Amino acid sequence: MPSYVTRQKTRQTFSWVGRPLPNRKQFYQMYKEICMKINGCSEIHIKVGQFVLIQGEDNQKPYVAKLIELFENGSEVPPKKYARVQWFVRFCEIPIPKRHLLGRRPSAQEIFWYDCSDCDNDIHVETIIGPVQVVALAPEDEIPVNQKSEETLFVKLSWNKKNFAPLPPEELAALRRLECQKPLEAKTKSVKSPSWSTAEQEVKRIESSHSTSRSYQDPAHTVTPNAMKSLECGGFTRKPNMRLSRKILCDSLDSQKTCKRRAAFSETTSPPKKPQPGEIKTSSALETLGKNGHTQPFFAKSSMVLRTRGTAVKTTKLTVESALSPVRSRSRYSVAPSVGLTPQYIGRKAKEQETHKEPIHTSLRARRRSSLLTLKRIKQQLWLLDDDKSDQEEEESISSVEVSDSSSEEEDESVPSPPTGKPVGQSRTRRTASKPSSQTPSKSPKKTFRPRPPLHATPQIRDRNLAVQEPASVLEEARLRLHVSAVPDSLPCREQEFQDIYSFVESKLLDGTGGCMYISGVPGTGKTATVHEVIRCLQQAAQTNDVPPFEYVEVNGMKLTEPHQVYVQILQKLTGQKATANHAAELLAKQFCSRGSQKETTVLLVDELDLLWTHKQDVLYNLFDWPTHKGARLVVLTIANTMDLPERIMMNRVASRLGLTRMSFQPYSHSQLKQILVSRLKHLKAFEDDAVQLVARKVAALSGDARRCLDICRRATEICEVSHQRGDSQCLVTVAHLMEAIDEMFSSSYITAIKNSSVLEQSFLRAIIAEFRRSGLEEATFQQIYSQHVALCRMEGLPYPTMSETMAVCSRLGSCRILLVEPSRNDLLLRVRLNVSQNDVLYALKEE
C-alpha cells in the first residue's frame, strides 16, 4: 500500500453537511454526510455507506471500515462527532497461529470482512484519514494486479476469529451496489493550491504572448518557415528569459501527487514518435489538456518531457504540435538543476517522416536509473506469467536491455504499459519486432536455466528418515515414562489448584476484563505443568465456543539475557514484529492500555518471575499494571519459587498492583509422590512395591520435589539394567538399586571426589586438618602443611614425598575446587584454605 495522509503532518477539520436527524430516545443527532477539510485546501465529502481509512498503530497500514452511522452526542459538552462503523481486517491483523487457515498467499491489497461483534464499533470522527475504494469479489475471482488498483482494496472472504468464510450474499450484494454509485473522485472538491495556480498563470501568460510578440528562436533548435508562419498565427512563443522557476515546477508536481492518477499512455492523440538510434527519449507529461479545457494530471515515474495535445486551443487550428521540453540550467553551484519550459515545435510531416529530430542528451545517472526501473518492472511482470516458455523469452529481453541500456527505444518498449485492454501478447510482439530480422543462429548451445527457488519458501524441520525405535525392554519403557518432559494423561494430586486457576482465567475471558495471579511454590511441585494443563483445556473449550477465543503467550525469565527483553519476546509472539526493548514496551502499553484496541483477550504466562527483578522494578510494574487499566483484556499468570516475593523485594506500588489473587503449591507428601509414580508406571511392572515406597518417603522427607523423585527412579533403572547385563540380578528395580541411586543423588560432589582421590591426596587433606587444629585458624601456608604431611607419613610408615610432588598434589586439589589456593609463584608462602567443611572431609576420609 502507498503512504497515506497520516504520514504527513496535516491538519484536518470536520463539519456536518445537511440538517440533522434527531433521535429523541438516545439524544443523538444523526447525519448522512460529513465534510473533511485538509489544510484548508481540499474538501472531501464522506457519506454514510462509504469506506474509509482510520488511524491505527501502523501509519503504513491504517484500519479499514465502512461507515454505518454518523451522529453527534448532544449530552457531551462540547458535543463530539462520532461514527459507527463495520470493521475490516488485514491479513497482518489476524493472529499468527491462525493465518494458515487461509490456505493460500494473500494479496497485499486484500482485506477481510470482520464478522464478530466483540469490538467497539464507535469511533471519533477525527480518527478518519479519508475515503478508500473497496471492491467486492467472489471467492473464486482473482485480484487484479496493475498500477490503477494500487490504492484499491479488495474483499473476498470474512473472518470470524476461527476460520475464513465467503461473504454473506446480502453483504456481497450491498458492496457491489456501492461500486455502481458515483465514483470517489466526483465527491472530492479540491481547491487549487497556490503553487499549481501560479504554474497555470505562467502557461497562460506564455499563450497570450504568442499573438503579439515575435517568436524567439533558440540557437540550439532550428525552426522551418512553415513552423514560423504557424507560430505567428497563434502558436507558443518562447522569450529569452521566460522560464518557470524550479520551485513553481516542484510545487506543481507535489500538488498533483495528491490527486488520483487517471491518465494513461494511450491518451495521447498522435502516435508516439520513433526515435533515431542516437536519440534518447525521456517521455512524460506535466498535464494533458482535454477537449473540455480542463487539466488532467498525468505522471510517470521516469518522466521528463512535458507535452500538450494539439486540440488544446479551440479557436485556432494549429498545424504544428507543441511540446514543452525541459531546459536545465548550467549553473555550476546549484544543488539540483533548475528546469525551464521551452516550446519545441515539430511539424506533422516531419513527425510522420521522422526526418527533423534533435538528440536530447541525458546524464549517465538518469539513464542508469531509467534502466534499473525498466528491469524492475519487467521482473515483476515475469513473476505473473505462468508459462515457462514465455518466462524464457522475457529473460532474454531482460539481458538485451541490460547490454544496451543507452538505447531508450528498448527501455520505452520494454516497460509494461498500464492496463488498456490490450493482451500481453501485443507487447511481446512489439519487443520481438524491434530486433533485426536477419540473425545468424548461434552454434553454441543455449544457456540452461537453473530452476528458481520458490518465491516464498517456508522453513520446516527435516523429516525423520527412520521410524522411532520402540522400547526394547521393560526398563527402557519405564525410563521413557519417568522422563520429566513426558506429558502424562492427567495431573494427580493437583486437582484443587487446577480448578482454582481454571476458574480464574475462565471468568476473565467471559467478562472481557484483565487480572493477575501470583503462583508460588518450591521447585518440582507442578506449578508450570498445572498452568499448561489449564491452558490446554481452555483452548479446547474455545474451539467448542464454550469460552471466547484468546491468545496465549508464554515467556520464561531463565531464557532472557536481560529483564527488559521480556517486552521484545511478548511483542514478537503477539504480532510477529521485532523491535527494541523501549519501543516494544511503548507498543505493548498502547495495545493493552488503550480501550477498544484489542479484539481478543491475551493470556500471558511469566515463568521464573523473580529473574525479572531490576533496581527500578519497572518491568514488574508494567506487567502488573497493564491488566489494571479499564478495558484491558490481559490476564497475567506469574510463577515464582518464593512465596513472599512481593513483600520481600517488591516496592509497595508494585506489590499493590499485583493484587490479592495468590496461590501457593505445597511440597508433595510421600503418599502423593507414590501416587505420581504409580500413575506413570501404570500397567508396567518395573519396580518393587517396597522400592517405590522407599523413594517416595526419602524425597518427601528432603524436598518434596517430584522432578527429583522421577530422576532417582530413572537412574535406578539404569543401574538395574547394567547389573542385569552382568547377570547379577533380574530385570526388576529393587530397594538396593534405589539406595545406590539415592546415594549418588544426595551425596555431595566434593565428598565423592575426595573418596575417589589418591592416597597421597587424602594424606595431604589430613595434614591440612591437622594444621588447622594445631593453629586454630582456617588458613595455613604451604610450608606449614608440608611439615604436617611429612610427620603423618613417618607415623604411618609411608615414604614422604618431595616438595615438588606435594606442590603438584596441592595444585590438583585446587583445580578440583576442593582447596582455595593462591598462585604458585608464592612458593612456600602459598596460603591454602578448604573449600568444604572439615566435617565433610573427615566423613569422606573415614574408613568403612
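Positions of Cβ are set from backbone N, Cα and C atoms, glycine also.
Now, the feature entries from Swiss-Prot:
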type     : residues                                                                                               : note
SITE     : Glu93                                                                                                  : site 'Histone H4K20me2 binding'
REGION   : 189-227                                                                                                : region 'Disordered'
COMPBIAS : 191-200                                                                                                : compositional bias 'Polar residues'
REGION   : 261-280                                                                                                : region 'Disordered'
MOD_RES  : Lys314                                                                                                 : N6-acetyllysine
REGION   : 344-365                                                                                                : region 'Disordered'
REGION   : 388-466                                                                                                : region 'Disordered'
COMPBIAS : 434-443                                                                                                : compositional bias 'Low complexity'
BINDING  : Val487, Gly521, Val522, Pro523, Gly524, Thr525, Gly526, Lys527, Thr528, Ala529, Glu608, Asn641, Arg707 : ATP binding site
REGION   : 488-848                                                                                                : region 'Necessary and sufficient for ORC complex assembly'
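Positions of the features from Swiss-Prot, shown on the structure.
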{"residue": "Glu93", "record": "site 'Histone H4K20me2 binding'", "contacts (Cβ under 8 Å, 6+ apart)": "none"}
{"residue": "Val487", "record": "ATP binding site", "contacts (Cβ under 8 Å, 6+ apart)": "none"}
{"residue": "Val522", "record": "ATP binding site", "contacts (Cβ under 8 Å, 6+ apart)": "Asn641, Phe665, Pro667, Ser703, Gly704, Asp705"}
{"residue": "Gly524", "record": "ATP binding site", "contacts (Cβ under 8 Å, 6+ apart)": "Tyr668, Ser703, Gly704, Asp705, Ala706, Arg707, Arg708"}
{"residue": "Gly526", "record": "ATP binding site", "contacts (Cβ under 8 Å, 6+ apart)": "Leu491, Cys493, Arg494, Glu497, Phe665, Tyr668, Ala706"}
{"residue": "Thr528", "record": "ATP binding site", "contacts (Cβ under 8 Å, 6+ apart)": "Asp607, Ile639"}
{"residue": "Glu608", "record": "ATP binding site", "contacts (Cβ under 8 Å, 6+ apart)": "Asn556, Gly557, Met558, Ile639, Ala640"}
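With a 10 A radius on its CB, Arg707 (ATP binding site) counts 14 other CB atoms from all the protein chains. When every Cα pair among Val487, Gly521, Val522, Pro523, Gly524, Thr525, Gly526, Lys527, Thr528, Ala529, Glu608, Asn641, Arg707 is compared, the largest distance found for this ATP site is 22 Å. Secondary structure from DSSP puts Arg707 (ATP binding site) in a helix. In this structure, Thr528 (ATP binding site) is part of a helix by DSSP. Averaged across the region 'Necessary and sufficient for ORC complex assembly' (488-848), pLDDT for the predicted model comes to 89.
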